[in-house]
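Comments concern the structure below.
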Amino acid sequence: MSGSSMGRLFTVTSFGESHGPGIGCVVDGCPPGLALSEADIQLELDRRKPGTSRHVTQRREPDTVEILSGVYEGKTTGTPIALLIRNTDQRSKDYGNIADTFRPGHADYCYWHKYGTRDPRGGGRSSARETAVRVAAGAIAKKWLNEKYGIVIRGHMTQIGEVAIPFKSWEHVGGNPFFSADPDIVPRLEEYMDSIRKSLDSIGARLRVVADNVPVGWGEPVFDRLDADIAYAMMSINAVKGVEIGAGFGCVTQKGSEHGDELTPRGFASNHAGGVLGGISTGQQIDVSIAIKPTSSIAQPRRSINKQGEAVTMETHGRHDPCVGIRATPIAEAMLALVLIDHALRHRAQCGDVRVETPRIAGHIG
């Protein structure tokens with residue numbers, strides 16, 4: 001299977017399946033000298049791990065990370081960093097009845113036609129279980145970006161199903177299971193998700209992730225535009241069906257006099273571009289939103305076919321997220337960090353000595 005690696009100078013190659021012995025990744029290209037411990041990575045993994053509330057899968061995985069290489073005496077050496085997360089709570093018997101059938105909305109049918117074989121246990125390689133190692137790799141990227149440039153990457157949920165979530169303050173995001181920036185709406189979200197779960201159904205979600213303090217100039221036009229790579233990274237996350245940067249699809253109804261972000265000596269007057277113009281960072285906040293489809297594994301009867309092409313009716317039982325988007329915020333943060341660190345290193349390699357007389361202006365003066 002190709003396609004398990006991303007990045008040019010900071011590369012990440014992931015491996016493993018949902019019900020195999022473990023999952024992991026190899027991070028190559030991390031600059032030497034970064035203070036790094038398993039605890040640094042674990043902080044991010046704990047934000048994503050399953051079983052943390054009744055609104056996510058009840059699979060109990062500690063997601064304990066092991067650093068196998070690339071770190072000596074607490075600092076990165078510049079050599080490949082191998083990370084391993086062992087699976088401890090597989091329940092493969094839940095999938096015995098679907099080994100010969102294809103779950104609607106899943107990759108089963110596509111994997112079977114492409115490879116002539118598939119691992120039915122939890123979706124195998126196509127499972128969102130794989131995203132844990134992206135969060136682990138992203139933790140390294142976030143730490144380096146913050147220490148080198150002061151970049152802060154964070155995300156919050158903006159909508160679950162029909163419930164829009166207002167933004168009040170970043171300080172509230174870590175205090176509830178929904179990554180909500182509004183604590184007052186949490187009871188409504190609890191009630192809404194309880195109703196979804198009791199109906200044996202699932203629901204989609206939307207979230208926003210931003211990066212502050214990104215320098216102006218990152219991005220490689222034409223085909224390696226910063227926003228193109230961000231969209232590529234976000235679309236690689238399981239269940240993501242749409243990506244917006246800045247105004248996104250909202251720009252369709254905007255006029256040029258509104259959408260174009262005016263520059264003043266004090267700073268940009270707006271940020272409809274989402275921090276990227278011409279594929280290059282403007283120095284403004286990188287602003288990304290993603291749409292996540294409803295979890296396909298539900299316990300309601302659904303029509304499908306088996307390997308022989310015969311019609312079947314199936315129910316997917318097991319421990320599944322009624323809203324997979326709830327745990328996606330740390331994943332989206334990680335993917336944004338991985339894109340930014342790769343472009344940071346590429347920019348430093350080619351244009352690190354470039355200086356211009358024009359001062360850098362403020363990101364947004366409102």
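Glycine is treated like the rest: Cβ placed from N, Cα and C.
Taken from Swiss-Prot, the feature NADP(+) binding site covers ARG48, ARG54. The FMN binding site annotation in Swiss-Prot covers ARG125, SER126, SER127, ASN238, ALA239, GLY278, LYS293, PRO294, THR295, SER296, SER297, ARG319.
Recorded features from Swiss-Prot, shown on the structure.
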residue	record	Cβ contacts under 8 Å, 6 or more apart
ARG48	NADP(+) binding site	ASP63, THR131, ALA132, VAL135, ARG327, PRO330, ILE331
SER127	FMN binding site	GLU17, SER18, ASN238
ALA239	FMN binding site	ALA128, ILE292, LYS293, THR295, VAL324, GLY325, ALA328
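Within 10 Å of its Cβ, the residue among the binding-site residues ARG125, LYS293 with the fewest other Cβ atoms is LYS293.
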